[in-house]
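Worksheet: the structure to be examined is printed underneath.
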Amino acid sequence: SLYPASALVLTVGHGADAATAEVQRAVTLSCRPTPTGTHPAPAQACAELHSVGGALGLLRTGAEPGRMCTKEWRPITVTAEGVWDGRRVSYEHTFANNCFKNAAPTTVFEF
């Protein structure tokens with residue numbers, strides 16, 4: 001292959017961490033050579049991942065300015081497992097609730 005592999009399985013689940021979260025949805029995302037997968041917006045998600053060099057921890061997970069969410073604790077955990085530019089990656093992030101997840105300015109976990 002001309003390109004190192006960049007393929008991920010992304011999940012969204014109810015729970016405080018990946019080990020205990022009940023997975024609600026899962027999609028695939030492959031970014032090389034062209035964006036594909038079951039993710040609803042693969043081109044946009046791959047562009048965001050390319051912008052941070054595949055370092056999922058650098059994606060902005062805070063709410064966009066002006067977005068209001070309640071402080072209720074109903075944790076939503078997102079995960080990414082797979083390979084980016086030929087390197088194995090494993091990522092998880094927990095949002096306080098679904099509003100905070102949806103308020104984050106990233107499409108990677110919008111599915």
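Note that Cβ sites are derived from N, Cα and C of the backbone, with glycine treated the same way.
Per Swiss-Prot, the features are as follows:
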- Cys31-Cys46: disulfide bond (DISULFID)
- Cys69-Cys99: disulfide bond (DISULFID)
Three-class DSSP secondary structure - Cys31 (disulfide bond): coil
Inter-residue C-alpha distance, Cys31 (disulfide bond) and Cys99 (disulfide bond) (nearest angstrom): 27
Set of same-chain residues at least 6 away whose C-beta sits under 8 angstroms from Cys99 (disulfide bond): Cys69, Thr70
Neighbourhood of Cys46 (disulfide bond), C-beta criterion under 8 angstroms, separation at least six: Ser6, Leu29, Cys31, Pro35
Cβ neighbour count (within 10 Å, all chains shown) around Cys31 (disulfide bond): 24
Mapped DSSP class for Cys99 (disulfide bond), helix or strand or coil: helix
